[in-house]
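Asker: Sharing a structure with you now.
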Amino acid sequence: MPCERKPMRYGHSEGHTEVCFDERGRFIVTCGNDGDVRIWEGLDDDDPKFITVGEKAYSLALKNGKLVTAGSNNTVQIHTFPDGEPDGILTRFTTNATHVTFNSSGSRVAAGSSDFMVKVVEVSDSSQQKTLRGHEAPVLSVTFDPKDDFLASSSCDGSVVVWNIEEQTQVISWPLLQKTNDVTNAKSLCRLAWQPRAGKFLAVPVDTKVHLYERGSWDHVSTLSDDLLTQPINVVTWSPCGRFLAAGSVGGSLTVWDANSKLCVERCKHEKGFTVCGLAWHPSGGQIAYTDTEGCLCLLDGLSTSASDAKDYDALFDDDDDDDDRLVDEGLSGANSPVKKREDEDEDDFLMPATGRVRNRGAFLDDENSLGHEICYSTFYVFPGPLPTHPQKAFQSGSTPAHLTHRFMMWNSVGIVRGYNDEQDNAVDVEFHDTAVHHAMHLTNSLGHTVADLSQEAVLLACPGTDELASKLQCLHFSSWDTNKEWMVDLPSGEDVRALCLGRGWAAVATSVQMLRLFSIGGVQREVFSLPGAAVCMAAHGEQLMIVYHRATGFDGEQALGVQLLQLGRRKRQIINGEPLPLTLRSHLTWLGFTAEGTPCYVDSDGVVRMLNRSLGNTWTPVCHTRETCKSKSDHYWVVGVHENPQQLRCIPCKGSRYPPTLPRPAVAILPFKLPLCQTSTEKGQMEEQFLRSVLFHHHYGFLSSSGYEVDEDGQTRSQKEQQELLMKMFALSCKLEREFRAVELAELMTHNVVPLAIRYASRSRRMALAQRLSELALEKSNQVQEEEEQDEEEPEYSGIRRPSGRKSAPLAGSAGKANKAPVLKPLAPRPKPRSKVPVSPKTGFQLWLEENRKNIVADHPDMEETDVIKDAMGRFRTLSADERLKLQPAIRYFFLLFFLRPLGGSRNDP
């Protein structure tokens, strides 16, 4: 009995259309010449959801909740499915993309274009792309080998080519098609299809027949034909089980072959004879959806074959799976045998062998006796645990993808390095933000450099190795005082540069054999050591070197990255040794660097910026989420620099993309920082966020000072004043909310010379219990400061730092280096402590009053302990009237006014 052809439905405007099912077969998804993607819950869905992807939509593919489309704006876009939210642009072409497809796992997308190129793009990181060049006319279609080793493409130049994906080379090319100059003029779309699962055969529509080519030998082993086919075949597709092949032709014919017997098992004719241009098999195998050039959608249901074909049951699976099935069947006998169970179960049941494979029954059934005539099965694999994540590839922070013909090789605080690789030129341009550092440079890129870094001393470039040439490292040391300003090093055979960076007086290179090589800026090899894992990215600032690498295999979309932070001064040491690098859930690293003040920071693909908190055990604190300021899910910010003073995140807005184009020159925007604290919409939350951010962003003063650098003391004083003002505001708010315990907690964060202001505020607010506790706190802080200063006096000069006087030498630079233009932060020798005695903090008015009246209190209460004496004295001191306090001795009155009326943030040495 023939299959049932459902009534046609209008789906899109006249023109090319395509169709596919989602993995569960719940939705039918179509695209068309009107630029819409429509999501149908069934053929009778009268109100399908639609997504507009452009003026025209030429192709679509769906996998793992990701919908990829080729539109008329020369881009391949990605949307979430079924929500349809834009999720960025995977890649761009110079003209329209003609066909897109996923690989079997959904981790890669292949796209062919009218500019003769084929690109293979990683879905998780669109910067990882491979470009296959060799066609001499627009590409018609692309298809992945199920094992992900090869990719096949057809073109208007008449050829069908098989490519090795990793090597980006042609394996074989067959001249099978009629040549044309454009896809619209092609006699056939020649939609190729690789047999699923084992990928044994590649199906190629050639005129009215389908040629089958064997994987590996690439021999033409079989031809599928039908005498009733008179028009060229446009598109072919395999059934989910890999046994049956369906084809749609220009004349509207639909044909299904059994690939084993080479027999035609189904024929159907388009009711109006329109050209079939889209064809998709339902995951269950029982339906085929197709679209035509008039924008209509139709469905074939109840596909059937003759009962005699059931004897070919064992040929449904490849050799490896036959072995698995044999092992399963050997372990099941009698009533437990799957063959016997098939006679007793309904046709809607599933068989679950021990291997975890679920077989869907009833894909192709004989209508008269459907039970027991299963000849096509859908295959599902049940995994017992989480799936491993594909490791992120190494990248250079501040660069755009290497496959672009015009790209940024580096954009940092020093300047911009651009790379050009097109038919007219292969060169590198270096531009400095400050032309006083050096003039712009134009370098011929004859070696094919792909990685670069730029500092105030040099330009560092590297190229990958080939079969004949080694990977090379080239340095242009423009700050050198001699005439020979360039040096070059060949890496050992089989070792390629993966990442590089420039510090003050040195260069570091991470290689493909998990090695890190350290050179002086003049080219002397200084250090070499092994990395714990494959390098992902590196960054440098002054004497600091930060390395991020793969510490383990990640699972469920997570990247397991580790970080090392080295100090490469005269006394080399590790600050962070292999600690895990925190990332947002299911994200990857996109930028790594240092702030202008020298604090390590990084950005992940979710747009979260994290900075090192040195005061909390070298933990990482999120300080900004760039995605919160994006207007669309497809928009991103490309970070180029971070500043702590002033607090600025410098980045480039990228609309509909993850990285900017080189021309026109993109404008840099400034984003504010914001810590992810709770309830930041309230006054309390806002002040807490401002205080913590101020503390975090001013830790660099302490680090630079301890490292012997000269710091901006005025800026440090302003930051301390800002923090104390915020503490006083939060203290006042806590008092208003009657949170006295919280007020004491805030006072503990204040400096010893600000606590008296809190005491005065508490007294004026008639909170005497709070004022008493704050008085005790003020006494403790004063004693603590005095003890610390006494300890400092006892320590020897230059304690902990043993450096000669004079300017601090640049690490690894030696005497050959030229004196650089003074940077923002100058490395200087630590200043010796003064020999004279450090002035002791003045005593409070209460302390002086207590010293004068202690004898009277003790005389009145001779049995009192010291703590009781102090409490009694506090009570007496508070009862003094203003007139009585004015009669105090001049010294006492002076210190009273000094402590209680001193301007906020003043020094203890202020008059």
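Note that Cβ sites are derived from N, Cα and C of the backbone, with glycine treated the same way.
Given the structure is predicted, the values throughout are model-derived calculations rather than measurements.
Pulled these from TrEMBL:
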type: REPEAT; residues: 9-41; note: repeat 'WD'
type: REPEAT; residues: 132-173; note: repeat 'WD'
type: REPEAT; residues: 233-267; note: repeat 'WD'
type: REGION; residues: 327-347; note: region 'Disordered'
type: REGION; residues: 781-842; note: region 'Disordered'
type: COMPBIAS; residues: 786-797; note: compositional bias 'Acidic residues'
type: DNA_BIND; residues: 839-885; note: DNA-binding region
type: DOMAIN; residues: 839-885; note: domain 'HMG box'
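Mind running through what each feature is packed against?
Answerer: Taken together, the residues in the repeat 'WD' (9-41) have a mean pLDDT of 91 on the 0 to 100 scale.
In the repeat 'WD' (132-173), the DSSP tally of helix, strand and coil residues is 0 helix, 24 strand, 18 coil.
With DSSP classes pooled into helix, strand and coil, the tally for the repeat 'WD' (233-267) is 0 helix, 23 strand, 12 coil.
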Asker: Same chain, outside the repeat 'WD' (9-41) by at least 6, Cβ under 8 Å from its Cβ: which residues?
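Answerer: Distant Cβ neighbours of the repeat 'WD' (9-41) are 48-64, 67, 69, 71-72, 79, 81-82, 84, 277-284, 287, 289-299.
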Asker: How do the residues of the repeat 'WD' (9-41) split into helix, strand and coil according to DSSP?
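Answerer: Secondary-structure composition of the repeat 'WD' (9-41): 0 helix, 15 strand, 18 coil.
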